[in-house]
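Over in Swiss-Prot, the protein carries these features:
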BINDING   R41, G72, D93, M136  S-adenosyl-L-methionine binding site
Amino acid sequence: MTETARTTIDASEIEHFSRIAAQWWDPQGKFRPLHKFNPTRLAYIKEKVCAKFNRDPNAPRPLEGLRFLDIGCGGGLLCEPMARLGATVIGADASATNIEVAKIHAAQSSLDIDYRATTTEALADAGEKFDVVLNMEVVEHVSDVDLFMSATSAMVKPGGLMFVATINRTLKAYGLAIIGAEYVLRWLPRGTHQYEKLVRPEELEAAFSKADLRLIDKLGVTYNPLADSWNRSRDMDVNYMVLAERPA
């Protein structure tokens, strides 16, 4: 069990995302980069989950019977497609405003998703366990990475998976993901990312090891401005994803 007296919530981060919550489902709004990134991360998640659990990726609902947790779910950009693929989905976010937006959009889409305004630590303390934990674009916004990764890892069932997507702590990432995306191109509101809170792949791997999870895959994700699309890459200097499993 994690210790409830401690939390990884950064109040300023929650306030920041709550202010722009109404724009979660606007593909041309503040979350445009996530809308563009979504197809790449969705394809990766579906591919790896189907391979792990011996599911037919071409089936209409290949994730049927699997329990998913989307940590820091925001407006539900990942929860909804996972639910459409048959997964039982819990979406958790510390921002009650984000959760309200997510609930409204799910209802409009006739999707049954269990959205909760809660913290990762509270879920872990309650003994929640999942086949798949999605930890996507969240770890760079928490106040205590080690505690956060400990709590999230505790919720992965034996034989289960955890996906993490984040931004590397490199000068290249500072130039592209912060200066470029926030100040020059203004794709994201200024202050969305803070360089000192970015996380290196080896730091995540160390956190996995402490939690008895085994790293099984890692890859970079790069943006092609000519095609206006994101693609898998060997270059992990800026955006990257890692996948870990808990041995059965």
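Positions of Cβ are set from backbone N, Cα and C atoms, glycine also.
Values in this document were obtained by computation on a predicted structure and should not be read as measured data.
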On the three-state reduction of DSSP, what should I expect for M136 (S-adenosyl-L-methionine binding site)?
strand
Compile a sequence-ordered list of residues in the same chain as M136 (S-adenosyl-L-methionine binding site), six or more apart from it, whose Cβ lies below 8 A from its Cβ; state 'none' when nothing qualifies.
R41, D70, I71, G72, L78, F163, V164, A165
Are there any residues at least 6 positions away along the chain from D93 (S-adenosyl-L-methionine binding site) with a Cβ closer than 8 Å to its Cβ? List them or say none.
G72, C73, G74, I99, A102, Y115, R116, A117
For G72 (S-adenosyl-L-methionine binding site), list the number of other Cβ atoms lying within 10 Å of its Cβ atom.
25
Determine the Cβ neighbour count for R41 (S-adenosyl-L-methionine binding site): the number of other Cβ atoms within 10 Å of its Cβ.
23
For R41 (S-adenosyl-L-methionine binding site), what is the secondary structure state per DSSP, taken as helix, strand or coil?
helix
Where G72 (S-adenosyl-L-methionine binding site) sits in the secondary structure, as DSSP reduces it to three classes:
coil
